[in-house]
Amino acid sequence: QSSKEVWKSAELTKDYKNGDASLHLMLEDGTNIDHKLDPKTKNLPYLRNPDILVGENDLTALSYLHEPAVLHNLKVRFIDSKLIYTYCGIVLVAINPYETLPIYGTDIINAYSGQNMGDMDPHIFAVAEEAYKQMARDERNQSIIVSGESGAGKTVSAKYAMRYFATVSGSASEANVEDKVLASNPIMEAIGNAKTTRNDNSSRFGKYIEIGFDTRYRIIGANMRTYLLEKSRVVFQADEERNYHIFYQLCASAHLPEFKNLRLSINESYQMGLFQVLAAILHLGNVEIKDRDSDSSLIPPNNRHLTAFCELVGVTYQDMAQWLCHRKLKTATETYVKPLPRLQATNARDALSKHIYAKLFNWIVEHVNKALITNVKQHSFIGVLDIYGFETFEINSFEQFCINYANEKLQQQFNMHVFKLEQEEYMKEQIPWTLIDFYDNQPCINLIEAKMGILDLLDEECKMPKGSDDSWAQKLYNTHLKTCSLFEKPRMSNRAFIIQHFADKVEYQCDGFLEKNKDTVNEEQINVMKASKFDLLVELFQDEEKATSPTGQVPGTGGRTRLSIKPDKGRDTKSKEHKKTVGCQFRNSLQMLMETLNATTPHYVRCIKPNDFKLAFSFDPKRAVQQLRACGVLETIRISAAGFPSRWTYQEFFSRYRVLMKQKDVLPDKKLTCRNVLEKLVQDQDKYQFGKTKIFFRAGQVAYLEKLRADKLRAACIRIQKTIRCWLARKKYLRKRCAAITIQRFTRGYQARCLAKFMRRTQAATIIQKYQRMYVEKRRYRQKQAAALAMQTILRAYMARQKYQALLREAKAVIIQKRIRGWLARCWYKRCLHSIVYLQCCIRRMRAKRELKKLKIEARSVEHFKKLNKGMENKIMQLQRKIDEQSKENRTINDRLVGLESSYTAESERMRGELGRLRGVEEDAKNKANQVSSLLEELERLKKELSATQQEKKTIEDWAQKYRDEMEKMVSELKDQNGLLKKEKDDLNRSIQEQSQQMTEKMTRAIAQETQQLETDLNEERSRYQNLLTEHLRLEEKYDDLKEEMALSSNVSKPGHKRTDSTHSSNESEYTYNSEYAELEDGSRAREVRKLTLNTSLTLKLQKRLTELEQEKQSLRNELENKEEQFQRARARDDEEFKKARGAELEYESLKRQELESENKKLKHDLAEMRQSLLGNAATGAGAPGSPAYKVLLDQLNASCEELEVRKEEVLILRSQLVSQKEAMHHKETMTEPSVYAADVSKLKDAEVKQAYVGLKDTNRSAAPDFHKLNEDGELWLVNQGLKETIRLLEQQLQTQRRTYDNEVEALRGELQNVKEENNRQQQLLAQNLQLPPEARIEASLQHEITRLTNENLVRCGDLMEQLEKQDRTIRKLKKQLKVYSKRIGEMGAGQTEGQTSPGQMVDEPIHPVNIPRREKDFQGMLEYKKEDELKLVKNLILELKPRGVAVNLIPGLPAYILFMCLRHADYVNDDQKVRTLLTSTINSIKKILKKRGDDFETVSFWLANTCRFLHCLKQYSGDEQFMKHNTSRQNEHCLSNFDLAEYRQVISDLAIQIYQQLIKCMENILQPMIVSGMLEHETIQGVSGVKPTGLRKRTSSIADEGTYTLDSILRQLSAFHSTMCQHGTDPELIKQVVKQQFYIIGAVTLNNLLLRKDMCSWSKGMQIRYNVSQLEEWLRDKGLMTCGAKETLEPLIQAAQLLQVKKKTDEDAEAICSMCLALTTAQIVKVLNLYTPVNEFEERVSVAFIRTIQTRLRDRCESPQLLMDTKMIYPVTFPFNPSSLALETIQIPGSLNLAFLTRV
């Protein structure tokens, strides 16, 4: 034991022997010490628990129960695991973390809701759930008692408990009482909390809040009681403390409007009045009183604070100043006014301030209670007591005395409750009960409250005229100092006394006790206050009782008990109103509180303050021990340790210590097995007791058994190691032995081969002899066998023919008997049926007449109201349907407009680009033509100058040599430039290719990202839409419930109009649908008169809700459009950037081209001049053509000319490539199909351009030597011809493209005009409909739709008629072939018909022989019915169809097929009213049956399958090409011909979504109880995880054991779900989505429970989870569902299980964990590591440093901070189109459906 750390952990380094004076110990930090033992007592230090028990959820699960074990366990949980809650038996110990923790969210509340208290980790929510559950189960009121020091977190714990009740239970009305209960906390904290040295938000009053519940355990109201407000804080605050919060809030924020939100049924004028009173108290405290003389005082005139006070409270300045400094004394005959000294006047001023604030406080509490009260009768309540804990300061006064007195009473109640629970546990298990010595604080309570006790003497002294604190102290000394051992007198003081409380000794100073107990106020000051002009102040003082104690009323309704801390007027007269002391009041209210708590089941929360400096997760052991002693936790431990604290069930003991048993010790009876083994292991019989279901152990015995178990496991490990080492040595030996044997084998093998050779030869001779003999014998046997077989065949054939004839005769006789008996049975049945129907008709007619008579009488009385309320429900339905239709039409038109505008814009841009480019080409061609004309002119000019040039020939010959050198230099420069140009051309080509490739990759990535983003947005929109459907369904159900409640209340109020049960059951569905979609009948009219007010309000609410839904839908649509616009803008921006880059490149290339052209012109000009000069010099003869110089020069010129032409061709080819690449890039940008022009350009590039210019090059080369011909005719003419051909081709392409463009533009303009006209018509129609009354809107919209459909059908009529004629010819041919084939396969058809008949048909209908002529009838796959039979159709096919009854034997989806065939006939006869009513009645009937039997999985699955099949039929036979791809020709004939039901398809799709969500909820309700038990708790692999010792919470489970679910239970349930859906014919893709949702629920619930249960986070449990997951995967594999995505939903659970099993020590382990757990959030990973608990001592705990390393590595993750997975999340569902191959004309209707009124057409 240490004075600083209280207790230290140490390890014994040397064995202890009796008589040793000291112990050799080693502390945790490695320090060795010698601990001296007390020589008198020789008491040894406490033993420490085994390491696997450290950190337990429940302190009572520890084997050694003592103070250091409790302290160490709390410290480990708080510091290492960051767990602030711990159980200690029935007490929840809550340590204040001084940090906000994410463990109080709604997801945590949902996780604890419905769970047993011992199954989850300790939490305030677990205590609240236990109280709520016991209230509902035991029908007994509950109390949650929260106590602790100031700053320990009592108020926060109480708030979280109330928040849990508000969230879980909800409100019974629309008033949101639970929100008001939570909203009252800020108000009470503002006026009752203040900053102290220990707590910034300390509650300076006690409160007990009763939360009332109705019979359905929903919150209906609340009531608050307050205790002992610290009024002295209003006028005095200690150092570093503050006044109540409200004063500072008023001074800082009185001008802000936010205070208006704190009304809570206090109107605005009252709020201002409250602020006035509070401000007046502040001013009154600043009033300065001065001495007039030694016996009197005065207030200076015109004191501004007193003036402000008087103005605020509405009293006169003179009266207030007079009675603050004077008082009135009354005698028997006279009345005197006595001045007061300054000190007494100041005390009177302070007393008045305190009195006003106390009255204001109680007034607010009263109004809060009024706001929380309800008129509904209270059935039960849960009380939350937030009261001050045990307090001891350096100076303790009257407040601390009352607080500690209250804690003495609460501690006594706590001890008695713990003692009672222990006794009940022992009695239930039939354990001999021995009295346990525990601390009884009744003597201390008697010292305080008994006769002549401290309070009694205090009240007596207060009555004395000259009573003082000193005289009262002397009376205490004289009375109790010698008689009571708990009362002491301090040595150095005569004005104080000491009381030995249950927690500690406390010294109280007597100063101020009498004054605080009297709590007197000058009566004249009260009268001045009563005479105020301020209404609120008058209200506070006019009724003293009501104003001062809002809880001091007579107990109200609901059995609520109210406490009073003020005198009761009924008992005291007005003259004694102020004579009841504060101590007496507090004692009475405390007594009533104890009576209330004793009448309830208490739950205890003890809040611990870990340190005095408010440091986060800092633990001061010394302070913690003080509080543990003060709050009774250690007393609970001591009581438990005095008996048998450790308790195990027999199964838990057997599972944990099975390793200590031998095989012969294991008996079938687990109880007897445990008894025998325990008697062998523990010799002392007093160390344990055997109960009925549990074994009880003394303290320390579990640790001893754990030591035995660990020793046994260690021995087993050593044996395993020994065996493995032996195996390794033997394996080495066997390898050596094998080598030696191999050598021996080869040696012996050689010898054996020699012997074998001789033996083979001998054996070969023997075999030859054997086969020869065998052949002879086999031949003889086969001859005999053939003869015997021939005889047997003849005999058996004869016998078979005889047997066949006998069977044939018997079969024919049976058929005859069957026919006769069937005919007789049908005759008898028809007679009986006729008689029964006749009797029913008579009876029904008689009843109908009576009912008609009643209805007529009622109809006369309410004829006026029928007209007012006519059509209310139909209007609501029409309004909903009209809104849906108009929203869909607008959405369709908008989509079409957006598509047309985008396509038109893209095409226009592309056409403009093409036109501009072609204009550029045309302009270029014109320039070329101009160049040709200029060249011709130049040619003429050159001819004229030719003669002049010849004259200069001599001059040229002189400088010929010089010119030759220059030409050589020029040729070399041209070659260099040519190389550079080639290099630049290659670089340009390469850069163009790279840029095009980069741009393509960039566009591909951008498109992929945008596609993924759009898919994500689509899933989000789909999820939002389905959530809106869920909300809409909830509103519809609420509306229906309100209608039913209203109808029920109307029936109750008019008992004469009740139905009998038989009438109600027979006419229920007909009555419902007459009110929904038929005309209003007399009975429904009478009912609607009673619902006039309700329907009107509901209609307004529904209209408002519809408007909100439409607005939300429109906002979602706008958001989607904005995203699309952003995508288009981003894409256009990328295109512009690319175009700019391409434009810059093209400009650069055009500049290069211009430079090349200018260079070519210059060279051509030089060449022409040179030729002219040569021709001119030819006349001189020196440079004649035959001369050598001329030849050399001509060769060089020809080479230069060829090189020049090559460069020209390369430039032209490069230009054509640039044009083609530009077109290709334009094609990529527009992302449209290749146009005609692009193809022409590519052809031009590949064929014509190359051919033209290659030919031009060849021509130039061949003509080059002929100088005259080249100069005069060749080059210019060829260039001109090439340009003309190019211009001609370009003009043709331009004309073709222009014609195509004009045609497309005209078509687009026509379509755009049509769309605009259609849009205008729709807008006009919408405006007209909005102006029409609601009754005429639907008719107008339907009329417009019929007109539009008629126009479209007329356009398509011609094509359809031609197709119909062709199909008719084909049908006639097929009918002829069918008649021929039907005669041949009659027998086969009969057999198939009998095989397809269901068992239900065999029971309900006799099977007739196959009628071949009936098969020849050409059915169209339609069912005809009369309009009056529609109710009967819906009733028999939907409302009364049982999935477990008749529907089991039906073909999958038969109801859907029947409904669709009826719909087809209504479409065939073009009856729109019939189509509408049939679809409406079908949808409403399905909704009704799901509301009635929505919790039955088979019903929901059955109607989900049929709704989807009905939806698929509407698509398959709609006539749309996209749905007709898989149809047969016969099925295409059955398509709907008159009506487009696309909008109804959307309605039915919404209905399917609602059914799917209901199916998921139904499955979740079934699976929820199984998941935790089957996936976590049940040991699928037996013996892997041993059960750890459990505490009291696990023993006292909240509910009785209802049977354990296993993994097999989950798999069986999943198989049942799957088989049911398959049997109902659910689509395979839909089944996959359902299974995926099932597995998500399993994974989410399992992971959430794992994260909230410390006992489940172990290595062995990880193995169990992985095995269970593998079993689930195996189930998916067996069902062929591995690709449905269900396995991926289990990934977080799989990674959590892997996290439990991986190594958790080094940095490499941390890196592996971070890379492995990608599906888990950082909070989840850290939580699992914090909760990881070794089950065996061979496992190691996770160090805090390792967890910090994980947090550091995961710091950069961007993820949600939410700890738990959302178990309510439902994946968006889709219904992929699944056509049916079943032909409608082959469907037969079983008689069991009672649909005989349907006629096949």
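Cβ atoms are placed via backbone N, Cα and C, with glycine included.
A TrEMBL annotation is a machine prediction, not a hand-curated record.
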Which range is coiled coil per TrEMBL? Of 1021-1048, 1357-1384, 1413-1440, it is 1357-1384
Of the ranges 856-908, 962-1014, 1280-1332, the one TrEMBL annotates as coiled coil is 1280-1332
Looking at the binding-site residues Gly148, Gly151, Gly153, the one with the fewest other Cβ atoms inside 10 Å is Gly151
For Lys154 (ATP binding site), the same-chain residues 6+ apart in sequence with C-beta under 8 angstroms from its C-beta are Val146, Ser147, Gly148, Ser203, Asp386, Ile387, Gly389, Val605, Cys607
For the binding-site residues Ser150, Thr155, the largest set of other C-beta atoms within 10 Å encircles the C-beta of Thr155
Residues sitting within 8 A of the centre of the Gly148, Glu149, Ser150, Gly151, Ala152, Gly153, Lys154, Thr155 CB atoms (ATP site), not counting those, run Asn96, Asn199, Ser202, Gly389, Cys607, Lys609
On the domain 'Myosin motor' (54-710), the mean of the pLDDT values is 82
Long-range Cβ list for Ala152 (ATP binding site), cut-off under 8 Å, min separation 6+ in sequence, same chain only, gives Ala94, Asn96, Gly389, Cys607, Ile608, Lys609, Gln627
In chain order, residues whose C-beta lies under 8 angstroms from the C-beta of Glu149 (ATP binding site), counting only those at least six residues away in the same chain, are Arg198, Gly389, Phe390, Glu391, Cys607, Lys609, Gln627, Ala630
